[in-house]
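J.: OK, TrEMBL features for this one:
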| type | residues | note |
| --- | --- | --- |
| REGION | 1-26 | region 'Disordered' |
| TRANSMEM | 34-59 | transmembrane segment |
| DOMAIN | 89-300 | domain 'ABC transmembrane type-1' |
| TRANSMEM | 95-114 | transmembrane segment |
| TRANSMEM | 126-148 | transmembrane segment |
| TRANSMEM | 168-193 | transmembrane segment |
| TRANSMEM | 230-253 | transmembrane segment |
| TRANSMEM | 279-301 | transmembrane segment |
| TRANSMEM | 331-356 | transmembrane segment |
| DOMAIN | 388-579 | domain 'ABC transmembrane type-1' |
| TRANSMEM | 393-414 | transmembrane segment |
| TRANSMEM | 426-451 | transmembrane segment |
| TRANSMEM | 457-476 | transmembrane segment |
| TRANSMEM | 509-530 | transmembrane segment |
| TRANSMEM | 562-583 | transmembrane segment |
Amino acid sequence: MPATSMNKGPQPVDDGPVPPADGSGHGRVDGTDWLAAALAAIPSLAVVGLLLATIWLSFGEFPTDGAGTVLTLDHWRALFASPEVATMARNTLSFSLQSLAWALILGVTLAWIVQRTDVGGRRLTYALVTVGVLLPGFFTAMAYMYLLHPRIGTINTLLAALTGSRDTVINVVSIPGMAAIQGLSMSPIVFVLMAGSIANMDGALESAARVHGASAWRAVRLITLPMMKAALAGAAFYVAAISVATLDVPLIIGLQDKILVFSTYLYVQTQSLEGTEQYSIAAAFATLLIAGALVLSWAYARIIAQARRYEVISGKAQPPRQIALGRMRPLARLFVAAYLVAVVILPIVVLIWVSLLPYLQPVSQFALDNAGLGNYRALPWDLIARGIRNTGLLVLTAPAAAVLFSLVFTWLVLRSKLRWRAAFDYIAFLPHAVPTVIFAFVTLLVVVRYRPLGLDLYGSVAVLFILYVIVMLSFGTRITNAAWVQVNRELEEAAYVSGATVRGMTLRVLLPIMAPSLLMAWLWLVMFVFRELTVATLLLSRTNITLPVVIWTNWATGQQTMAAAITVVMIAVMTPLVAIYLLRFGNMIQAEKPLTH
């Protein structure tokens, strides 16, 4: 990873599996290597085991009378013969591609305007976009469902009054509508991933193209876009995985009209009483997605392997020239302001307003007269307290465990002498490539049917803890890999020469240097656990309910305004965490350079 020495903060999520550090793999394997391998084997076996269990379920027939499992292709035949599955597959593909397009167009455009033009307000934009990254997707879905509801949505009601139309003007309860909202909620992630790449390109190449007569747009097409190829592929790969796995927007908006994508299809199957056949058909479709994810991972790895051709960061790199917008500056500022309102400000304001209403209704004088704190007085505090307790327990344990396991994986990949150490990094990357909803679905089936190690994990907080650690490994190892490769190996060797043990070198040399990156990773994973809905919903029980699921259950039972009130409570709890993250890492995020290989 030659370019990483220039990084001021690691950019984790657009990075594929990394090769071992030069020189590792030679020499004698010691006890530390074997201990690290034993620790890393625990989550590795869980990851590989869940993926193999998915494939096994797709081919297995599981008689209810206790007879042995029979291998069959019946589930695959049923999969390809099912009109419902065909419709779901089309919906999933269309939803994923459209939401990906929205996210890339909005995120890359905003990153380009903020980083390459004189639009101004960069610090404020970064702060609000970071808030947008940390806001749960179901916040945005709930807010826009209120604004664009086909019958009582405020914007649709206003447009109908202005146009005189009796039909829904903007139909958000559709694949295009859901995709637009999903893309809007993912676009801050694209901004964060692309901003560093755009800001840190060598401007000398563009200047040379302009000197030789190329227009500004031709220079962008021939010089800038090829240099952004690896970063753009990483951003696209990352948000594409989110769009396939996400449950937030499809659950809030699409489920009520039976518009199923893959995540909601799995959710419906987990609520079904039809037996294991439907589960096996769902597992067969999940197996297809796993295969597709692995193919995309291979293609992405090919792009990253070629990224060296576009390396331009060096000690003498010339910053790219800032573009003077001139008369277009007010228009660019309007775009930035509209984007920040749509992504961050509007959802929060709308949810606060809805929480004050006795029931969903358009904005009117009548609604204003009836607004009050009734929902807050009637909040189900026992259920909320249980959700906060479970969420708090997971927040305190799962991110810390994920960071520790990530350090172990990084040690194996970059410092151990085991010949097969690279396999651990590819295993850690799998939860990034394979949709999270697949891990949640097969975990549910495994803990219900097989009771691993004789443990009754169904409905427990422990099963959420295990799965959160697994799905956070990809992010955690990208952070620790990026941080570790920036540590000059001479520092470690000097510590050993001075008589330090591996433990002493790690505690006194490595961890102090890596501490800022590890703390940033931990806080980010805390936010992930706090806002996570997909895994928690599929593995839901009365005893392990989390705060996001409390909100969903109220929404699903028709208590939308109560759900909005609980959401406001969740925002109040999240605010200190977001403030700490921005104050501690705001400058680091702005200074980040992309890690692409």
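Here the Cβ of each residue, glycine as well, is placed from N, Cα and C on the backbone.
TrEMBL annotations: computationally assigned, not manually curated.
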J.: Need a quick answer: max count of Cβ pairs under 8 Å to the transmembrane segment (168-193), which of 230-253, 279-301, 331-356, 393-414, 562-583 is it?
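T.: If we count Cβ pairs closer than 8 Å to the transmembrane segment (168-193), 230-253 scores highest.
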J.: Quick one: do the transmembrane segment (126-148) and the transmembrane segment (279-301) have at least 3 Cβ pairs under 8 Å, skipping pairs fewer than 6 apart in sequence?
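T.: Touching, no - the transmembrane segment (126-148) and the transmembrane segment (279-301) miss the threshold of 3 or more Cβ pairs under 8 Å.
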J.: In the same chain, which residue numbers or ranges, 6 or more beyond the ends of the transmembrane segment (509-530), come under 8 angstroms Cβ to Cβ?
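T.: For the transmembrane segment (509-530), the nonlocal Cβ contacts are 9-10, 12, 134, 391, 394-395, 398-400, 402-403, 406-407, 468, 472, 475-476, 479-480, 482-484, 486-487, 491-492, 495, 500, 547, 573-574, 577-578, 580-581, 584-585, 588.
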J.: In the same chain, who gets a Cβ under 8 Å from the transmembrane segment (562-583) while lying at least 6 residues past its ends?
T.: 127, 130-131, 134, 139, 142, 146, 348, 351-352, 354-355, 375-376, 378-380, 384, 388, 523-524, 526-527, 530-531, 547-548, 550-552, 554-555
J.: Where else in the chain does the transmembrane segment (331-356) make close Cβ contacts, counting only residues six or more beyond its ends and a cut-off under 8 Å?
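T.: Residues 106, 109-110, 113-114, 117, 119-121, 125, 128-129, 131-132, 135, 139-140, 142-144, 146-147, 184-185, 187-188, 325, 363, 371-373, 375-376, 560-561, 564-565, 567-568, 571.
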J.: Do any residues, 6 or more residues outside the transmembrane segment (34-59), come within under 8 Å Cβ-to-Cβ of it, and if so which ones?
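T.: Same-chain residues near the transmembrane segment (34-59) but 6 or more away: 71-73, 75-76, 279-280, 283-284, 286-287, 290, 405, 408-409, 411-412, 416, 418, 421, 424, 427-428, 430-431, 434, 438-439, 441-443, 445-446, 466, 469-470, 473.
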J.: State the residues, same chain only, that lie 6 or more residues beyond the ends of the transmembrane segment (230-253) and have a CB under 8 A from a CB inside it; answer 'none' if no residue qualifies.
T.: 13-16, 92, 95-96, 99-100, 103-104, 107-108, 136-138, 140-142, 144-145, 172-173, 177-178, 181-182, 185-186, 189-190, 193-194, 196-197, 259-264, 267, 289, 293, 296-297, 300, 303-304, 306-307, 310, 432-438, 533-534, 537-538, 552, 555, 594, 596-597
